[in-house]
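Worksheet: one structure, shown below.
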Amino acid sequence: MRSSTLFAIVGTVAAAEAFELPGRGLLPSISIGIGAKPSASPAAGSCPSVWNDVVTELHAAFLGSNGQCNDLARQAVRAGFHDCGTYRPSMGTSAGCDGSFILAKEYENSENKGLQQIGDFYTGVLQKFKVGAGDLIQMGASTATVTCPLGPVVQTFVGRPDRKTANPTGILPSPFDPASKTIPLFEGYGLTSDDFVALLGAHTTSTQKFVDPQKAGAGQDTTPGTWDVKYYGQTLDKKAPFTFESDKSVANNSQTSGTFKAFVNNQFGWNVAFAQAMTKLSLVGVPGGSSKLIDCTSALPAGTVKRDIRAAPINGRAI
């Protein structure tokens with residue numbers, strides 16, 4: 001059952017209580033908002049100051065003149081998935097979120113079509129700041145997310161070991177895949193089907209260019225510059241400018257449809273679920289998970305907070 005709860009995006013911490021998804025039980029509590037507290041047990045140590053400079057550069061590049069996130073930001077979010085997503089459990093710590101997207105130029109692969117610009121951009125950032133490639137990709141995804149109006153702050157770690165060896169192709173999901181294929185794929189990353197549905201909501205800021213070239217630039221909802229939940233409702237109502245066949249399958253699959261519907265008009269619930277799931281994804285294949293990493297969430301920008309306060313509903317709904 002859904003209940004109302006106060007929702008405010010503030011400049012300190014917005015804390016979400018545990019909430020329930022249909023037939024799934026309670027999701028763990030998580031803090032979102034500026035200055036979010038870690039929910040894991042990272043290695044001791046403060047965030048290296050270089051990340052403040054990196055994030056400043058990323059934020060400026062990802063924010064459009066209209067105050068919304070731009071196409072480079074969309075690519076940054078997608079790159080965060082694609083660096084981690086070339087992983088299977090049998091690979092252990094020899095694949096996953098390892099920076100090979102940049103270092104092995106995986107962004108030039110056909111399955112990463114449309115990500116060449118962010119790959120080249122990140123290559124320049126690496127040369128300038130000398131940070132880890134895998135860390136840059138995940139910090140970039142988190143920066144892009146919070147740069148979008150209404151986007152949550154995702155707990156973000158640095159300290160991953162990088163790999164210059166390309167990961168296998170053919171693992172990343174296709175926009176034509178059925179849910180029966182994509183759900184097990186994400187479960188192989190150590191994620192639940194609820195996590196998968198929450199992560200899929202990042203399509204709220206996506207625009208397609210190559211699935212149907214005749215509709216190049218069409219968004220997966222009508223507001224691709226804003227991190228809102230219109231994607232879920234418009235996918236179900238068939239009102240989105242363009243919907244991937246894979247998304248239709250997830251929206252109608254018996255294992256995922258309940259969660260998909262639960263995020264309709266539920267910015268609060270989705271932000272909580274997405275932030276939690278994205279942190280989990282960002283640790284795929286990382287030796288020791290977050291235990292050997294440093295929490296650098298504090299480096300993320302706070303520039304969208306005032307816009308978010310004006311745009312947010314007075315009452316958000318927890319499930």
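Yeah, the Cβs are placed from backbone N, Cα and C, and that goes for glycine too.
Keep in mind that what you see is a predicted model, and the values were worked out from it rather than measured.
Among the features that TrEMBL reports, signal peptide is placed at 1-18.
When other Cβ atoms within 10 Å of the Cβ of Cys69 (disulfide bond) are tallied across all protein chains shown, the result is 27. Look at TrEMBL and you will find Cys69-Cys148 tagged as disulfide bond.
Annotation source TrEMBL lists domain 'Plant heme peroxidase family profile' at 72-313.
Here Arg78 (site 'Transition state stabilizer') comes close to Gly114, Leu115, Ile118, Ala202, Ser206: these same-chain residues lie at least six apart in sequence, with C-beta atoms under 8 angstroms from its C-beta. Secondary structure from DSSP puts Arg78 (site 'Transition state stabilizer') in a helix. If you look up TrEMBL, you'll see Arg78 marked as site 'Transition state stabilizer'.
A simple way to gauge crowding: the CB of His82 (active site, proton acceptor) has 23 other CB atoms within 10 angstroms, across all the protein chains here. If you look up TrEMBL, you'll see His82 marked as active site, proton acceptor.
Around His203 (heme b binding site), the same-chain residues at least 6 positions away in sequence with a Cβ under 8 Å from its Cβ are Gln220, Asp221, Tyr231, Phe244, Asp247. If you look up TrEMBL, you'll see His203 marked as heme b binding site.
The annotation Ca(2+) 2 binding site is assigned in TrEMBL to Thr204, Asp221, Thr223, Asp228. Look at Asp221 (Ca(2+) 2 binding site): DSSP puts it in coil.
Minimal Cβ crowding within 10 Å, among the binding-site residues Thr204, Thr223, is found at Thr223. A C-beta separation below 8 Å, combined with a sequence spacing of at least six in one chain, links Asp228 (Ca(2+) 2 binding site) to Pro149, Leu150, Thr204, Asp221, Gln267. If you take the Cα of Cys148 (disulfide bond) and the Cα of Thr223 (Ca(2+) 2 binding site), they are about 11 angstrom apart, rounded to a whole number. A distance of 19 Å separates the Cα atom of His82 (active site, proton acceptor) from that of Cys69 (disulfide bond). The Ca(2+) 2 site is defined by Thr204, Asp221, Thr223, Asp228, and by the 8 Å test on Cβ atoms against their centroid, the other residues of the chain that qualify are Thr205, Gly219, Gln220, Thr222, Pro224, Thr226, Trp227, Val229, Lys230, Tyr231, Gln234.
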